[in-house]
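Enquirer: Quick one: this structure, given as structure tokens, is what I'll be asking you about.
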Amino acid sequence: MSRAILIVLDSFGIGATADAQRFGDAGANTLLHIAEACAAGACDSQGRTGPLRLPNLNRLGLGRAGEASCGAAAPGLEQAPEIIGTYGFAEELSSGKDTPSGHWEIAGVPVLFDWGYFTDKQQSFPPELLDAIIKEARLPGVLGNVHASGTQIIKDLGMEHRATGKPIFYTSADSVVQIACHEETFGLQRLYELCQITRKHIDPYNIARVIARPFVGASPEGFRRTGARRDFATPPHKPTLLDKLNNHGKQVIAIGKISDIYAGKGVSRSVKADGLGALVEATLTVMNETDEAAAKQDTLIFTNLVDFDMLYGHRRDVTGYAKALEDFDAMLPDLLGAMMDDDLLILTADHGCDPTWPGSDHTREHIPILMYGKRAPHGFIGARKTFADIGQTLAEYFQLDRLDFGESFLVADK
């Protein structure tokens, strides 16, 4: 039987797409700009120094994929090691640069319509929408109602929130409503219930996600977001690869926020973990648990590594992003070592979030495709026209019918 491990390095783009100008992202390049900053000494800290060092990702072809994407070699990744897998890059067919669009397209369902957005920087949400939420959730009111950085807004409004019980509502350039509440004074379960109420009321606005942003602490300097974040996404508009796997008796194990992104659709089992190390460890645990089970049931293990995006991309923390990449690279041999002979491993991303770029939003970029396994073609698979090529490849690997979008790059079974 077959087993595949699909890991999304959330926001790890490798070069602006041809249509990036339309998003204000022409020239963005998450990988290249991090590598350039490291080479210039701008990322030297107590935790790391010198050029960006990603030897294991580079052996899978990351450096070559990055250079093929943008025409420039990332400093520290120029040396051409012996490539042990498949490498390439893909552009996005979907209309946006958000998490659901990227993940759904990876699973064969690009978002070809436009999401709804709250574009006003101040007084961002329609009064009638907030009034309906306040009434149903029995709130004393709301705070925020702006475009904001999630870490900054809890510093600015966290004390007032604790004193009044008014939740903090904010948004961004993404199709999203984010709600920040104190875990202890407001309550975590109450925050989740508020997000479910909000999800219902924003459906007519075609908004992709409501995100619960719990935090703790007693002062602006001490406030910090916790790992109890939850995403309340609208379900995919068509069956994804996950649904098709489930419908054919195959197992989909979602690790991290994957289940939330697909609104639970097509997920056999969800495993929650918080932090890069914990998410990789959870992936390894599931790989070890399914060693024997995989002989009886085809299994897709699907992990999202959110820290790259949430902690470093949006916060424009170049040093933190570089160190996290190096930390993941050091964990990669454990993942490769846990693979069975016929396993397939795919590493990719869902969009960019260049930490050197102005603002705090995602960037429209190519994503890397790095693949390892017996049926992975050796070397360069070129520029792919859609993220859905990943889903189509997995559909072929699991012997499913063709998906509506994408072209497989799998080699024939030997």
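Cβ coordinates come from backbone N, Cα and C, glycine included.
Since the structure is predicted, the reported quantities are computational estimates derived from the model, not experimental observations.
Copied straight from Swiss-Prot:
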| type | residues | note |
| --- | --- | --- |
| BINDING | Asp10, Asp350, His351 | Mn(2+) 1 binding site |
| BINDING | Asp309, His314, His362 | Mn(2+) 2 binding site |
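What's the neighbourhood like for these features in this structure?
Expert: The DSSP secondary structure for Asp350 (Mn(2+) 1 binding site) is coil. Sequence-distant neighbours of Asp350 (Mn(2+) 1 binding site): residues of the same chain at least 6 apart with a C-beta under 8 Å from its C-beta are Val8, Asp10, Ser11, Thr99, Gly102, His103, Ile106, Asn304, Ile367, Phe387.
A simple way to gauge crowding: the CB of His362 (Mn(2+) 2 binding site) has 30 other CB atoms within 10 angstroms, across all the protein chains here.
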Enquirer: For His362 (Mn(2+) 2 binding site) and His351 (Mn(2+) 1 binding site), what Cα-Cα distance in Å is obtained after rounding to a whole number?
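Expert: One finds 7 Å between the Cα atoms of these residues.
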Enquirer: Looking only at His314, His351, which of these binding-site residues has the biggest number of Cβ atoms within 10 Å around its Cβ?
Expert: His351
Enquirer: Once the chains shown are all counted, how many other Cβ atoms turn up within 10 Å of the Cβ of Asp309 (Mn(2+) 2 binding site)?
Expert: 25
Enquirer: Is it possible to get the count of other C-beta atoms within 10 angstroms of the C-beta of Asp10 (Mn(2+) 1 binding site)?
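Expert: So the number of other Cβ atoms within 10 Å of Asp10 (Mn(2+) 1 binding site) is 23.
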